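Straight from TrEMBL, the features:
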type	residues	note
DOMAIN	61-138	domain 'GHMP kinase N-terminal'
BINDING	P85, M86, V87, R88, G89, L90, G91, S92, S93, S94, A95	ATP binding site
DOMAIN	202-261	domain 'GHMP kinase C-terminal'
Amino acid sequence: MFKVKVPATSANMGPGFDCIGIALDLYNEVEVYESDKPLHFIWECEEEEVPEKENFIYTSMIDVFKEHDFPIPNVKVIARKCNIPMVRGLGSSSAAIVAGLTLAYALMGKDFDKDLLAYKAWVIEGHPDNVVPCFLGGMTISVMDEGKPYTTHVPIEDRVKFMAVIPPYKTETKQSREVLPKDYTRADCIQNVSRASMMINAFNLKDYHLLRTAFGDRIHQPYRLPLLKDATYVFELFKENGAIGEFMSGSGSTLMGVFLDDCQDRKLVIEEKLKAIDPLFRVELLNVDRTGVVLSKI
């Protein structure tokens, strides 16, 4: 019947808290086939299986069918490829929501309207920085004004690479939000507005020497980075190996280094040093995904 391919995403990118994110070329794939039983889930991934009632693919599909008074179809949903690590700050929950919404609309025979579905996913997730780039691809800035969503894209050159260091431990989003203060000083707000503006212009003008300063943040990273025991060392490795900037991906635990051009050799150096600490460290060298979610018939 249908297959959906969804990209990983990295949210915030330093100062763009809850509004800026980017899609990357690391993918999950989910397939749906006719069955003799109502909607049920089959897990074929190496990652630990998520119970059906807690699986955002399943729950998103069920919610859509209920919203449209559409009878639950007799289908089996198969999680075929799960390359996006779970609860690591690379948008695994957003990818699941995007996959579920996309498949539900396909099964109902409705038009595949990415903008509409991105808004629905935004409402479910509560913030747009993962779900919007997951649907639309690229680097996005999203805002809500009087209930109306607005999104714009930031151009990124192909030569810009994102090196994701994925630690062998998770950071729960709930915990990482609880450590954030309820109020911020005017100076902190000004700092983030200025850095976010500079980051966007650095990408627009290809003025990459500005990025390390532009990735500076006072809203979330100072409070979340202490939860990651290896963060300081990883950031030092990025700098030593020629990164033009670095930031925490989402709420962690993944840490992101930004590089230019071919940096496979530096990836191997960083990977070797991290695996000497713990062989379960994972390092991925990623490009920008410019397409977002892809739906196809099978």
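Including glycine, each Cβ sits where the backbone N, Cα and C put it.
Just so you know, TrEMBL annotations never went through curation; they're auto-generated.
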Among the binding-site residues listed here, P85, G89, G91, whose Cβ has the fewest other Cβ atoms inside 10 Å? P85
Hey, of the binding-site residues listed (V87, A95), which one tops the CB count within 10 A? A95
Check: same-chain CB within 8 A of ATP site center, minus P85, M86, V87, R88, G89, L90, G91, S92, S93, S94, A95: A8, I84, G250
If H, G and I count as helix, E and B as strand, and all else as coil, what does DSSP give for P85 (ATP binding site)? coil
Overall pLDDT of the domain 'GHMP kinase C-terminal' (202-261), taken as the mean: 96
